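**Student:** The structure that follows is given in the form of structure tokens.
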């Protein structure tokens with residue numbers, strides 16, 4: 001890619017979500033979302049492969065639809081109330097349209113169908129950007145409008161996303177599609193608690209970014225895209241292989257790892273709000289996600305899959321020190337003891 005083009009795309013990718021997060025005016029927020037969307041499309045399509053072009057087209061169409069709905073809801077709200085302030089959304093109809101639009105942008109069920117296909121058609125690092133940085137702007141809009149959103153609707157979206165995310169990942173063999181279903185399930189947890197405790201939504205999102213980024217960087221380092229190829233990962237970097245298993249268990253939310261913190265706090269908050277059935281359902285549905293994380297760990301560390309396909313044996317890589325990966329792995333598995341400190345952050 002041309003260096004000038006790369007600089008423009010990178011700066012736009014950074015500035016788009018920052019513009020949305022720092023805006024109080026709907027038009028500025030919408031502009032930030034558009035800049036972010038247009039900046040990521042060349043990165044998705046740069047492989048010059050039919051799957052990459054298909055992924056870029058699907059991403060553009062879904063994001064353009066969501067942006068149109070956001071603009072429509074903000075105009076309707078301005079027509080009703082006479083102002084463009086993001087936090088002033090007192091009309092039910094614009095709120096419902098906005099919720100639908102942001103659900104499409106985030107990939108919440110039942111608007112999740114584009115996310116696994118787009119991740120599968122692009123590179124590992126672009127998939128990392130799509131599942132972390134690109135979620136920042138839509139989620140910030142949800143947090144800013146959380147006081148105006150319909151709580152039963154958000155609970156339904158959250159429960160459905162957690163269920164669909166867990167269910168979708170059960171029979172997948174592609175790691176990027178599994179990470180897409182993981183993203184859908186985690187966003188379901190964030191959406192569930194959004195109107196009850198926006199602070200917990202942000203905490204869940206921060207831990208999700210750390211764990212997902214670590215997992216994608218490990219997949220990139222091991223140069224693998226399928227579960228069946230993971231069986232040779234122990235020959236490349238045995239230590240990293242072990243750390244990946246712990247990171248996957250953290251994504252699943254097992255104690256005493258980092259991923260247990262947000263789920264524990266969300267279930268605690270739901271119980272405080274006397275939503276016992278909802279808390280029980282969320283806890284049980286999370287077992288679906290646990291299964292496919294365990295499946296990857298099982299293939300990676302315990303057994304070889306029963307197939308006759310001969311994979312090219314890749315022996316150990318050059319031992320280049322990756323300090324950032326060591327740091328992120330540590331954060332992904334050891335943050336549970338500082339939970340009381342995290343709760344004091346405003």
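Note that the numbers count up from 1, one per residue, in the order the chain is shown.
Even glycines carry a Cβ here, placed using N, Cα and C.
Take a look at what TrEMBL says about it:
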DOMAIN    23-288  domain 'NADH:quinone oxidoreductase/Mrp antiporter transmembrane'
DOMAIN    290-342  domain 'NADH dehydrogenase subunit 2 C-terminal'
TRANSMEM  57-76  transmembrane segment
TRANSMEM  96-115  transmembrane segment
TRANSMEM  152-171  transmembrane segment
TRANSMEM  178-197  transmembrane segment
TRANSMEM  203-222  transmembrane segment
TRANSMEM  234-254  transmembrane segment
TRANSMEM  274-294  transmembrane segment
TRANSMEM  323-345  transmembrane segment
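Explain the structural surroundings of these features, please.
**Tutor:** If you look at the transmembrane segment (57-76), the same-chain residues 6 or more away from its ends with a CB under 8 A from one of its CBs are 26-27, 29-30, 33-34, 37, 40-41, 44, 84, 91, 93-95, 97-98, 100-102, 104-105, 111, 114, 117-118, 121, 130, 141.
Cβ atoms under 8 Å from those of the transmembrane segment (96-115) belong to residues 33, 58-59, 62-63, 65-70, 72-74, 76, 89, 130, 135, 138-139, 141-142, 145, 149-150, 153-154, 157, 160-161, 163-165, 168, 180, 183-184, 187-188, 191 of the same chain, restricted to positions at least 6 beyond its ends.
Taking Cβ pairs closer than 8 Å, the transmembrane segment (178-197) reaches residues 103, 106-109, 112, 115-116, 119-120, 127, 131, 135, 139, 142-143, 146-147, 149-151, 154-155, 157-166, 168-169, 172, 204-205, 208, 212, 215-216, 219, 227, 251, 262-263, 266, 269-270, 273, 278, 282, 286, 288-289, 292-293, 296 in its own chain, all 6 or more past its ends.
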**Student:** Which one, 203-222, 234-254, 274-294, 323-345, has the most C-beta pairs under 8 Å toward the transmembrane segment (152-171)?
**Tutor:** 274-294
**Student:** Within the same chain, where does the transmembrane segment (323-345) have neighbours whose Cβ lies under 8 angstroms from its own Cβ atoms, ignoring anything closer than 6 residues to its ends? I mean 6 or more beyond.
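**Tutor:** For the transmembrane segment (323-345), the far contacts come to 203, 207, 210-211, 213-214, 217-218, 221, 240, 243, 246-247, 250, 255-261, 264-265.
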**Student:** Could you pull out which residues elsewhere in the chain have a CB under 8 Å from any CB of the transmembrane segment (203-222), counting only those six or more residues past its ends?
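**Tutor:** Sequence-remote neighbours of the transmembrane segment (203-222) are 124-125, 127-128, 131-132, 135, 139, 175, 179, 182-183, 186, 189-190, 193, 230, 233, 236-237, 240-241, 243-244, 247-248, 250-251, 258-259, 261-262, 265-266, 317, 322, 324-325, 328-329, 331-332, 335, 342-343.
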